[in-house]
Amino acid sequence: MSQSTATYINVIGAGLAGSEAAYQIAKRGIPVKLYEMRGVKATPQHKTTNFAELVCSNSFRGDSLTNAVGLLKEEMRRLDSIIMRNGEANRVPAGGAMAVDREGYAKSVTAELENHPLIEVIRDEITEIPNDAITVIATGPLTSDALAEKIHAVNGGDGFYFYDAAAPIIDKSTIDMSKVYLKSRYDKGEAAYLNCPMTKEEFMAFHEALTTAEEAPLNSFEKEKYFEGCMPIEVMAKRGIKTMLYGPMKPVGLEYPDDYTGPRDGEFKTPYAVVQLRQDNAAGSLYNIVGFQTHLKWGEQKRVFQMIPGLENAEFVRYGVMHRNSYMDSPNLLTETFQSRSNPNLFFAGQMTGVEGYVESAASGLVAGINAARLFKREEALIFPQTTAIGSLPHYVTHADSKHFQPMNVNFGIIKELEGPRIRDKKERYEAIASRALADLDTCLALL
């Protein structure tokens, strides 16, 4: 297939990946037609018509370079990511993590793209894959059925899916502050989380209620299949009575404050279990229940989650919801630049490619956008080295075992190992990986 001679590039979908791709293309002096159907047609999960809306959590996760996602974010900052830049401008306290005021952040991304002189925003649903120009498809895990059929047809591959869930958000003014305390795990960073401690008796009663609560129904033809990073809390609870104690209710590093007077198990300094609440907006009036993605019926959510100490009278401004997410057989269908193997004028980006997470989705849009622009200019594709986070992620999703392919978060396990003797200290090893990654990325920057 010959390269398109159009004078612009299409980007379909203005989520995190599409927004990033559109910006990276326009930054390189190429006109962009950015299509977004929200405003014309709603999705089951989005609440606004803003671009790059965050629907599951307001957290971009850890910020340290000894954390793989922290490294990925730093690489993206150096590549002038619109998502990272606007995220930084709308940060809210979150200890050692990066969390944002989701409304302020999405509005600022939207405004920047809508006001860009080279970006034409078109509010319309796309049901056919355009063949008039180089196109980046970033319609996300909630891709409409009509377009999903065309994507499957053009790729000649089967679609996959998994379920994704969002946590409830509560009104801070309805939290009983006498029963909770402010602290970040291990006192890392500023004290940014409200902690709801549980005794063993309280936890056992909560576990019983959670595992017997009624879930919202699924379509009978859909087999449940969850991505581990966004698993419903009730599914986790059913895996074992202590599973949550090693997950979102882990008490380690969240000791009682000296002035705590509530119930506790004997003289223990650490609660048996802890539910954490994280600030969800800049005003600090909303908090989400960390790790409590759920598919329980709304009435059951209210009944069960009000058993959490401090939330007995909590007001839920949004209940948890679950939706089906689609993703592609990327190992067979895409190259490391997220370019279609069967149609070189077509790129894909975002969670539909099998990257998992906000930051990872934006990173895939960055890679696809840069390479769509390079194709437009008839320049050689830019493949970031596997020593970097932004290079290792697309390499993983396009080289994984297709038969067992599952969505993947960025992690140090997929980054190329260091040469020489293994550094035994994990922190030092990760620091060395990060140092090498940023040095190698700086070499790539010279090509841009």
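Backbone N, Cα and C define each Cβ position, glycine as well.
Per Swiss-Prot, these features apply:
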BINDING   Gly13, Ala14, Gly15, Leu16, Ala17, Gly18  FAD binding site
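There are 33 other CB atoms within 10 A of the CB of Leu16 (FAD binding site), with all protein chains counted. The record gives Gly13, Ala14, Gly15, Leu16, Ala17, Gly18 for FAD. Within 8 Å of the mean position of their Cβ atoms, the other Cβ atoms in that chain belong to Val11, Ser19, Glu20, Ala21, Phe51, Ala52, Ala138, Thr139, Gly140, Ala349, Gly350, Ser361, Gly365.
DSSP assigns Ala17 (FAD binding site) to a helical segment in the three-state reduction. In sequence order, Val11, Ile12, Leu34, Glu36, Phe51, Val136, Ala138, Thr139, Gly140, Ala349, Gly350, Gly365 are the residues of the chain that are 6 or more apart from Gly18 (FAD binding site) and have a CB within less than 8 Å of its CB. Counting Cβ atoms from all protein chains shown, Gly15 (FAD binding site) has 30 others lying within 10 Å of its own Cβ.
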